[in-house]
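**Student:** To start, I am sharing the structure in question, which I have written as structure tokens.
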Amino acid sequence: MSNLPFTVAALYCFAPLPQYESLREPLAKLCCSNGIKGTLLLAAEGINGTVAGTPQAIEKLVQHITAIPGLADPELKYSHATEMPFHRMKVRLKREIVTMGVDGIDPLKSVGTYIAPQDWNALIADENTVVVDTRNDYEYAIGTFEGALDPQTKTFREFPEWVEQNRDKLEGKKIAMFCTGGIRCEKATAFVKGLGFDDVFHLKGGILKYLEEVPREDSMWNGECFVFDERVAVGHGLAESDVELCRACRRPISPEDKLSQFFEEGVSCAGCYDERTPEDRARYAERQKQVKLAEMRGAHKHIGS
């Protein structure tokens with residue numbers, strides 16, 4: 001049991017929710033009345049999200065969600081934080097709970113074989129296995145599994161095209177896919193199996209479950225795991241890391257990255273300096289000045305973002 005004050009719950013569940021719109025208001029009210037913050041996505045295909053609150057509040061929310069028909073057994077991972085990692089609570093209605101943009105993909109009908117964290121090393125060490133990181137380029141940049149291919153995608157929508165263009169790398173191989181918490185692999189493996197590949201596997205519970213359960217000394221993970229909240233990234237044991245976000249482009253940056261001549265807090269980093277005009281950087285600099293003034297007044301540090 002962690003002594004940290006905030007519990008972070010990452011969850012998803014694919015299940016038919018024909019009346020998903022009606023779930024929004026009760027969820028939003030429960031979260032707001034219990035001080036829970038984060039994001040929950042609802043769609044006809046299920047629920048997905050990450051939220052944080054006191055342990056008691058998160059327990060109440062999970063009880064509410066699992067009482068909904070079809071959502072009794074979500075994929076659920078807990079971690080802990082020293083500070084509230086979200087600024088507000090959002091419950092959104094979506095077309096997909098994870099956006100791939102390919103019609104007809106249904107993980108309830110066809111999906112890859114789940115591999116437990118304890119069995120993952122043996123699979124990816126097999127010379128006949130090709131390991132595919134289904135996440136985006138900025139996530140891959142700060143951490144991945146040994147030998148994993150980087151599709152160099154900016155969004156998950158680009159992943160199907162990468163698969164189509166790289167079929168030769170997958171032919172005749174065991175295909176082992178992974179992502180942060182497992183949800184992207186539900187659709188990624190369903191898509192790949194739909195193309196006719198048979199030996200398709202994915203890491204159950206994703207990187208987060210692996211980092212939680214596999215000891216550092218046995219780990220084949222290198223680096224940190226990007227998470228979509230103010231913690232930015234976590235390491236083995238789901239400990240918070242020293243990775244931060246560039247507030248101009250939202251890329252993760254390490255302490256070493258902050259030594260770059262192109263880094264200016266809230267204004268630019270080496271990754272985005274050439275992507276912005278001098279006018280952009282001047283605008284960001286003014287915004288950063290206002291953020292600092294707000295912090296000095298004790299206001300929320302996200303003002304102006």
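Using N, Cα and C of the backbone, Cβ positions are placed for all residues, glycine too.
From Swiss-Prot, for reference:
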- Cys179: active site, cysteine persulfide intermediate (ACT_SITE)
- 125-219: domain 'Rhodanese' (DOMAIN)
**Student:** When a 10 Å sphere is centred on the Cβ of Cys179 (active site, cysteine persulfide intermediate), how many other Cβ atoms does it contain?
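**Tutor:** There are 25 such Cβ atoms around Cys179 (active site, cysteine persulfide intermediate).
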**Student:** Take the domain 'Rhodanese' (125-219) and count its residues per DSSP category (helix H/G/I, strand E/B, coil), listing them in that order.
**Tutor:** 42 helix, 18 strand, 35 coil
**Student:** Across the domain 'Rhodanese' (125-219), what is the average pLDDT of the model, as a whole number?
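**Tutor:** A mean pLDDT of 96 is what the predicted model shows over the domain 'Rhodanese' (125-219).
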